[in-house]
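Notes follow once the structure below has been shown.
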Amino acid sequence: MIRRQKYGDEIAKAQVLIEALPYIKKFSGTTVVIKYGGSAMLDCNLKRMVMQDIVLMKFVGLNPIVVHGGGPEINKMLERLGIESKFVNGLRVTDEATMEIVEMVLTGRINKEIVSLINELGGQAIGVSGKDGRLLKAEKDTSNGDIGYVGKIVDVNIDVITMMLEKGYIPVIAPTSFGDDGKTYNVNADTAAGKIAEALKAEKLILLTDVEGILSNINDKSSLISRMDLEHAKEFMNSGRINGGMIPKLECCIKAVENGVKRAHIIDGRLTHSLLLEIFTDEGIGTMIGKECFDDDNL
């Protein structure tokens with residue numbers, strides 16, 4: 001008993017590893033697309049922990065792909081330049097001046113910071129934008145009216161991604177995309193991650209957010225819905241109980257699962273090691289969406 005008390009912390013750590021074993025076995029060799037954004041991009045400690053999670057996922061046999069946003073950083077730069085940020089249904093209104101800032105921040109700064117941190121932590125990452133290798137082809141999105149250089153993805157060149165994965169690299173993708181009209185388009189990072197996951201028929205699509213997941217009551221943090229099948233997710237989408245940036249998140253999760261992604265997750269990126277907790281533990285921490293009803297496991 002004394003011995004157990006003395007090594008209590010070590011035993012607890014061992015139990016965590018034991019709990020993770022079936023998930024490591026289950027997901028080894030599978031592809032997981034992670035949309036990285038929100039507060040986890042601004043807090044240096046959180047940023048490091050997210051990248052540690054991603055490197056660990058790679059080391060235990062998963063194939064993580066990072067698609068990143070940059071909303072907070074873009075907002076800060078626009079504010080510094082005296083340009084007002086405007087949104088329609090969670091999508092940034094993007095005129096020509098804003099598009100230049102978006103591309104500069106996403107591809108020139110954030111993408112390279114993520115790549116550098118992954119490499120520092122022992123991983124091997126390559127950073128690209130949707131324009132590189134014609135990775136993400138887009139056209140103007142008019143579903144919310146004319147909101148400028150906002151695009152919707154019409155094609156994903158998976159050869160670029162699979163080439164990196166086959167060589168053991170972690171792809172880090174900025175969602176700025178090209179159009180056949182020669183223009184650059186700003187594509188919502190959640191949507192881009194969803195389209196990439198669909199094209200690859202990924203095991204999982206995981207969206208890091210600044211909320212606990214999907215709440216049945218937006219004003220009650222304890223009302224987290226931990227699991228939803230497609231029918232429930234669609235009903236919730238049409239209920240009017242979500243707004244703002246959660247709209248494209250839930251929408252892209254629904255489309256991803258409809259188009260071959262096994263599970264889509266919306267999780268709180270503000271929590272320490274949230275990715276590992278969602279993937280490798282029995283309970284998970286956020287909302288998981290699948291095609292059909294779930295058994296009592298997280299697989």
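Just so you know, glycine gets a Cβ as well, placed from its N, Cα and C.
Listed features, source Swiss-Prot:
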SITE      Lys35  site 'Transition state stabilizer'
BINDING   Gly70, Gly71, Arg92, Asn186  substrate binding site
SITE      Lys249  site 'Transition state stabilizer'
Which binding-site residues sit within 10 Å of Lys35 (site 'Transition state stabilizer') - Cα, from Gly70, Gly71, Arg92, Asn186: none
Cβ-based neighbourhood (8 Å from the centroid) of the substrate site, residues Gly70, Gly71, Arg92, Asn186 excluded: Gly69, Ile74, Thr94, Val102, Leu106, Asn188, Ala189
Gly71 (substrate binding site) in three-state DSSP notation: helix
Alpha-carbon distance [Lys249 (site 'Transition state stabilizer'); Gly71 (substrate binding site)] in Å: 14
For the recorded positions Lys35, Arg92, the one whose C-beta sees the most other C-beta atoms within 10 angstroms: Lys35
Inter-residue Cα distance where the pair is Lys249 (site 'Transition state stabilizer') and Arg92 (substrate binding site), in Å: 14
